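Input: a single structure, listed below in structure tokens.
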Amino acid sequence: MRKNKLVALALGAFALTSLTQCFTKKKDEGKHLYETHCQSCHMEDGSGLKGLIPPLAKADYLQTHRDELPCLIRQGMAGSIVVNGVEYNKEMPGVESLREDHITNLLNYIQTNFGNKNERYTMQEVERLMQACPKAP
Amino acid sequence: MNKRNKLSLKSGFAVAAFALVATSFYGCDSQGGSSANTLPIYGEREPVERTVDGKTVTDTIYHQIPDFAFVDQDSQRVTQETVAGKIYVTDFFFTTCPTICPKMKSQMLRVYEAYKENPDVLLLSHSIDPTHDTVAVLRDYADRLGIETQKWHLLTGDKDSIYDMAMQYLVPAQADGGAEGGFTHGGHFILMDGQRRIRGIYDGTKPESVDKLIDDIPLLLNEKKDEKK
């Protein structure tokens, strides 16, 4: 009897923590992921760094290369790109550990912050786009 | 005494030792007598006695950065001569660093902009990955940052000498295969006076700390003026 009570208590506590997590952490997941994986280079305000690191804030690239972004986040990129008329050439490391739902939240955060008012992604869309990611050499 | 007690005794010692070290560090910070108008002098110091007119006078020898020779983004040699009599801010970075360097460089740009017109203030950034960061790589990096070599020297050179120099500036730096980017290093900005003595240590990733650095530089500039008088 006493054991049952304990189990119930533990379950209750577990349910409560996971529930509160849904309302707090999950809601800000995109922001949290941005801070963890992107902010040190792209900066808090998405401004990048002069001619070294391209901005995300009001970047045309986010719209012109929208379909490639999910794969870029997972696989990274190298070589020359042009963002808002400026050429950049610095390798960006990918974050292979990110799942499709993470990438959706992260991209939606980027597309709707830093002065960006771009279309959001659905998770289905990100999943579809990621199936076509270029295979690693 | 059983094992458990021993363990807690040990950790107790560790805590005590840590506290001691921590206080001595703090002690050093305030000991320099950083009043409103002067900056402390960091690093080890030793008293040296000498005799003047039959009386014993004690001088203090402060920690001074030894002579050095590196090469900058224009292939120019940069040595202690380059910074002689100048105030300079120095840091350690590498161009492919994915962690704190971009933030450090964006903050160093603020210092650059603030003292661009003042010939008495220089910036020296040492690469801790000189094998990759050749003169050509640093040249490209400088161009993309839009900086002038005469004001802001990006340095490369002998790897061991650079790591020795980091130690002299009290900045931790080491190659670390396990770290992101392959190196770990401190994000410190070090403020140096005209005699190559450390006068300020700032966190180059924090805007507030860099604000303080920008405010502290005039104190050293004033000191220089006083010396000239």
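Cβ atoms are placed via backbone N, Cα and C, with glycine included.
What TrEMBL records for B:1-27 is signal peptide.
The average pLDDT computed over the domain 'Thioredoxin' (B:59-222) stands at 95. Positions annotated as domain 'Thioredoxin' by TrEMBL: B:59-222.
Look at TrEMBL and you will find B:Cys97-B:Cys101 tagged as disulfide bond. Within 10 Å of the C-beta of B:Cys101 (disulfide bond) there are 27 other C-beta atoms, taking all protein chains into account.
What TrEMBL records for B:Cys97, B:Cys101, B:His185 is Cu cation binding site. DSSP assigns B:Cys97 (disulfide bond) to coil in the three-state reduction, placing it in neither a helix nor a strand.
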With every protein chain in view, what's the tally of Cβ atoms within 10 Å of the Cβ of B:His185 (Cu cation binding site), excluding that atom itself?
27
A correct count of other C-beta atoms within 10 Å of the C-beta of B:Cys97 (disulfide bond) gives 23
Can you name every residue in this chain, apart from B:Cys97, B:Cys101, B:His185, with its Cβ inside 8 Å of the center of the Cβ atoms of the recorded Cu cation site?
B:Phe92, B:Phe93, B:Phe94, B:Thr99, B:Ile100, B:Met104, B:Ile128, B:Gly181, B:Phe183, B:Gly187
DSSP-derived structure type at B:His185 (Cu cation binding site), helix or strand or else coil
strand
